Structures are given as C-alpha cells and as structure tokens.
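See structure below.
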C-alpha cells in the first residue's frame with residue numbers, strides 16, 4: 001500500500017511540469033533579490049538560469065516538435081551565456097539574451113494555449129498560468145537588457161544614465177508588468193518606452209483574460225445549490 005501511494009505521488013510530481021517551472025521562477029526572483037553582486041552571486045544566478053532553461057524545455061516539450069524547438073533555442077542561449085561570462089564579452093551575452101527571449105516568448109504562447117484549452121481546469125494549468133505571468137516578466141527583462149546593449153543610455157538609473165544588469169532588468173520588468181511604477185529606473189529612448197507600453201498592456205490584459213477564463217471554467221455557486229435540491 002505504501003509503495004503504491006509513493007509511486008502515485010512521484011508520478012503526479014513528474015507530470016506537474018508547470019509547477020516546477022513556477023518554483024524555479026520564484027527561485028530566480030529570490031536569487032536576484034538576495035545574492036551579492038560579486039562573482040559568487042553571478043555563479044548562483046547562472047546555475048538558477050540553467051535550471052530555468054531546463055524547466056522551460058520540460059514544460060514545453062510535451063510533443064517531439066515542441067521539445068526540439070525549445071532545445072534548439074535553449075542550447076545556444078546557455079552556450080553564449082557562458083561564453084559571455086567566461087570571456088567577459090557583452091556581444092555573446094546579448095546573443096544569449098535574444099535566444100532566451102525567443103525561447104520564453106514561445107513558452108509563454110505554449111503555456112497560454114495549454115491553460116486556455118476548453119477542458120477542465122487542473123492544478124497544473126493553474127500553475128501554468130502563474131508561470132506564464134512570471135515568465136512574461138523574465139522575457140521582457142531580456143528584451144530590456146538587449147535594448148540597453150543596442151541603444152546605450154536607454155535608461156536612467158537613480159537619475160543617472162546607465163546600462164541595466166540582469167538583476168536590474170528583471171526588477172524593472174516586474175515593476176512594469178505589475179504597473180507599480182518605474183521607481184528608480186526610467187526608460188529614456190523610444191524603443192525602451194515602446195517595450196514598456198507593450199509590457200504594461202500585456203500584464204493588464206493577461207490578468208483580465210485569465211480571470212474571465214477561470215470564471216468560465218468554474219460553475220457559479222447556484223449550480224451547486226440546484227444540484228443538491
């Protein structure tokens with residue numbers, strides 16, 4: 001009995017791919033918030049980013065085609081990331097950011113397609129919706145970092161022009177996504193402002209559409225009352 005229960009629990013954990021993607025995304029936000037800005041901190045962030053890429057490929061790779069596409073984007077993203085960090089090459093990092101942005105864009109589209117399927121809402125789909133929302137923030141963080149590379153001085157950081165490191169880009173992206181204000185980082189150039197507007201609209205529409213989806217899936221309370229009467 002105990003063996004059967006353990007096997008079923010492990011099976012559920014294995015198939016809850018969106019849950020693990022959500023956990024890794026929360027871990028990334030925590031790591032960005034608390035790790036130091038030295039070499040050890042960069043190593044920790046790289047390890048978390050590697051797990052995020054693995055979790056992303058796992059969440060998307062439910063079919064052979066989607067798995068191959070995700071893998072073809074994740075491998076160069078990881079490779080150029082380590083090249084850029086090892087040789088201190090900003091160009092390699094920018095290439096890694098662009099591959100990561102494309103991968104996460106496809107992942108968000110796949111998760112939304114999965115969540116909005118006209119079937120019963122499962123816990124994995126709920127975690128998929130939450131993971132998609134956080135992944136939008138990560139996606140735009142890479143977009144903002146890429147804009148900072150191609151358009152220097154696109155941001156004002158505490159009143160001074162400067163380039164965004166990844167931790168600052170993620171912080172800025174989350175504040176824009178949740179429409180809580182720019183705070184100490186402000187977009188200056190038109191590409192940066194344009195991407196900010198797109199992310200703000202995306203964040204607002206995502207919440208509204210998700211609530212409408214949940215309201216359509218779960219029946220009203222009166223239906224339970226009618227069934228019991």
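Each Cβ is built from the backbone N, Cα and C atoms, and glycine gets one as well.
Bear in mind that TrEMBL entries carry predicted annotations, made automatically and left uncurated.
From a predicted model like this one, the values you see are computed outputs, not experimental measurements.
What TrEMBL says about this protein:
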DOMAIN    151-215  domain 'Potassium channel'
TRANSMEM  18-37  transmembrane segment
TRANSMEM  43-60  transmembrane segment
TRANSMEM  67-87  transmembrane segment
TRANSMEM  93-114  transmembrane segment
TRANSMEM  126-150  transmembrane segment
TRANSMEM  170-189  transmembrane segment
TRANSMEM  201-219  transmembrane segment
Restricted to the domain 'Potassium channel' (151-215), the mean pLDDT of the model is 87
Selection from 18-37, 67-87, 93-114, 126-150, 201-219, the stretch that has most Cβ pairs under 8 A to the transmembrane segment (170-189)
126-150
Look over the recorded stretches 18-37, 43-60, 201-219 and say which has the most C-beta pairs under 8 A to the transmembrane segment (67-87).
43-60
DSSP helix, strand and coil counts for the domain 'Potassium channel' (151-215)?
38 helix, 9 strand, 18 coil
Within the same chain, the residues 6 or more beyond the ends of the transmembrane segment (18-37) and with Cβ under 8 Å of it are 44-45, 48-49, 51-52, 55-56, 58-59, 111, 114, 123-125, 127-128, 130-131, 134-135, 138, 165-167, 170-171, 174
Surrounding residues of the transmembrane segment (126-150) on its own chain - C-beta under 8 Å, 6+ positions past either end:
16, 18-19, 21-22, 25-26, 28-29, 52, 56, 59, 90, 93-94, 97-98, 100-101, 104-105, 107-108, 111-112, 114-115, 163-166, 169-170, 172-174, 176-177, 189, 191-192, 195, 199, 202-203, 206-207, 210
Can you work out which residues elsewhere in the same chain, 6+ from the ends of the transmembrane segment (43-60), have a Cβ less than 8 Å from its Cβ atoms?
17-18, 20-21, 24-25, 27-28, 31-32, 35, 66-67, 69-71, 74, 77-78, 81-82, 85, 100, 103-104, 106-107, 110-111, 128, 131, 135, 138, 166-167
